[in-house]
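Asker: Below is the structure I would like to discuss, written out as structure tokens.
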Amino acid sequence: MSAQHEIRTEQLRSGYGARVVVDGVDLVVPSGRISVIVGANACGKSTLLKTIARLLPAQDGAVVLDGRRIDTIPTKELARTLGLLPQQPVAPEGIVVTDLVGRGRHPHQKLFRPWTTADDQAVTSAMAAAGVLDLADRAVDELSGGQRQRVWIAMALAQSTDVLLLDEPTTFLDVSHQIEVLDLLTDLNRTRGTTIVMVLHDINLAARYADHMVALRAGRVVADGPPHAVVTAELVREVFALDSLVVPDPVSGAPMVLPRGRHHVGIAPGGALDGVADPSSAAASLAPALSSALSPTSDVLERP
Amino acid sequence: MAALLDSLPAVSDADVERVRAGRRRRSRRRTVALVVLSVLAVALFAAMLMLGNTIYPVSDVLAVLRGEDVSGASFAVGTLRLPRALTAVLAGAAFGVAGSTFQTMLRNPLASPDVIGITSGASAAAVLSIVVLKWSGTATMGLSLAVGILTALVIYLAARGGDSTGGRLILIGIGVGAMLDSVVAYLLLKAAVWDLAVATRWMTGSLNGSRMEDILPLAIAVVVLVPIVLFLARDLGALELGDSWATALGVRVDRTRVLLVVAAVALACVATATTGPIAFVAFLAGPIAARIVGPGSSVVLPAALTGACLVLAADLLGQFAFDTKFPVGVITGILGAPYLIYLLVRTSRRGGSA
């Protein structure tokens, strides 16, 4: 299992030049758990992750790893503990999957030390864990978006870090690939005990996959804790300026946000929820209509 | 180390073996390609020494290289052809390393120092120093280097805030390069240089009139700076993935980038001050080398060899393939221009950077 690491931020302030994006954030990242940072566009969630990953310097306060400020830890040593999957990375032209994943070994290699068996083993297991072993000799350019994202995750895994930070790992993926990536990260967390911190756009997927959620608004933490404590209608209104209904997700039981926009809102607030909250009854009421619609023309399609 | 590996899922030895075999296959190809390029460079170098108005056999050439006095050959080979061939190898290697470093770091094949105007800056400085001010070789080197680095700095500052693959930097660089090229033309006109050889040298690059005593600064630059770039090649490979990945992999991004840029600019500038801006060698060497060694590995050393082969081969063609003798830059220019057009077309079709 992965070693335990304590990551804290203390009155962290960061941003881009004079523009302060994250201001006064005190956060403790639970070790060995999946933490997800959520918030509206431009609330500072990516900036916070980037500062924890030392891509941006702290303007004030500090990011502390196991009691040491990260800006005092040698970069290579830090790279053996803290891995990062940046947003939308671009692979060198024509590079083969194995070679790209192999670049994740960088912090473990020395200038004049040849490639070792340990490196080969780490690369192979990383590819197996990310489910890209079959693609080992393919060029990264030829792969689909979902496959490519798994290759990047494999590269981050080959780095063999106990902590993995991911900046919107599901952006630009279709829904099945989003689930695939999040399931893979959950596997890693459960089998290796890897501490995972990620930024996600989709609050429902965040609530489903997170052990711990952090909600940001205007660069400050509004709420943090387990999803059922964080994701409430009041919080969604405060963070996203959105009127919504929060119900238990019928698949996972995690809180699920159903936004109320200006259109297509048929049920009054607090009104008849029964049909929505109970998926089995909804499905049951739909089934006869579906089968009667299909059966006259096709017996094959009719369910037994 | 062991603890880290324990935390990853176990995989079968057969899988590890398969992954290792693939990696070894690619590294064998790279080794074979490097050997082939080296042999080619040596063969072209030998051809440069043997061919000319009089063709000398290998035995005579070797005798001259050993320092023996061979009538006729000692002058033709020792004084005329050897400096020319050495200059070709050193300048080719310098341009190749400079170009491939820039292209890899900015992740864009258009970003080589000859396309983005850095060699034009060095060339303008060299013309000013040699043709107008009549300065010495060392002073010329210093001025070229200073102006080259200044040009790089101006382009960088003007392009700041653009994307990391340098689309904006390249366009600004092409503009700055065009301005500096006209400075070269202006200085040549002002100095009333009616000598075609001098003019072509500073506009397209030439090996005519290479002398042993002019080689030293270039030789020192190649011997000192190429190993520095090779030393940083693995970090350059991380930078190729973008600043975020490079930081995540433990590379000190700013320091590494400054070192690489200074080394690459210095190589390009010293080579330019020696031979003039030999057209497109920096631009072509990296992509050709990448095709030869295969993708995914460092292109620095292959690009040095490819650059040397390009300059040697182009100079042999320029000297012997046609009725008229052409300076080397004319031949490399003819080779490079179609590739530049291809990349520009590809860039505009994608609506972004190449």
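Residue positions begin at 1 at the first shown residue.
Every residue gets a Cβ built from N, Cα and C, even glycine.
Not my notes, these are from TrEMBL:
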- B:32-56: transmembrane segment (TRANSMEM)
- B:85-103: transmembrane segment (TRANSMEM)
- B:115-133: transmembrane segment (TRANSMEM)
- B:139-157: transmembrane segment (TRANSMEM)
- B:169-189: transmembrane segment (TRANSMEM)
- B:215-237: transmembrane segment (TRANSMEM)
- B:258-286: transmembrane segment (TRANSMEM)
- B:326-345: transmembrane segment (TRANSMEM)
Asker: State the non-local partners of the transmembrane segment (B:85-103) in its own chain: residues 6+ outside its ends, Cβ under 8 Å from one of its Cβ atoms.
Answerer: 41, 45, 48-49, 109, 111-114, 116, 207, 210, 212, 214-215, 218-219, 221-222, 225-226, 229, 236, 260-261, 263-265, 267-268, 270-271, 274-275, 278, 281-287, 289, 299-300, 303-312, 315, 328
Asker: State, in range form, which of B:115-133, B:139-157, B:258-286 has the highest count of Cβ pairs under 8 Å to the transmembrane segment (B:169-189).
Answerer: B:115-133
Asker: Where else in the chain does the transmembrane segment (B:258-286) make close Cβ contacts, counting only residues six or more beyond its ends and a cut-off under 8 Å?
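Answerer: Hits for the transmembrane segment (B:258-286): 87, 90-92, 94-105, 109, 112-115, 118-123, 125-126, 140-141, 144-145, 147-149, 152, 200-207, 210, 214-215, 217-218, 221-222, 225-226, 228-229, 232, 236, 239, 299, 303-304, 306-307, 310-311, 314, 328-330, 332-333, 335-337, 339-340.
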Asker: If we skip the immediate neighbours and take only residues 6+ beyond the ends of the transmembrane segment (B:115-133), which ones have a Cβ under 8 Å from one of its Cβ atoms?
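Answerer: Here the qualifying positions are 102, 139-140, 143-148, 150-152, 155, 169-170, 172-181, 183-184, 187-188, 190-191, 193, 198, 202-203, 265, 268-269, 272-273, 276-277, 282-283, 340.
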Asker: Go through the chain and flag residues at least 6 beyond the ends of the transmembrane segment (B:139-157) whose CB is under 8 A from any CB in it; none is fine as an answer.
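Answerer: Cβ under 8 Å, 6 or more out: 113, 116-126, 128-130, 169, 172-173, 176, 180, 217, 261-262, 265-266, 268-270, 272-273.
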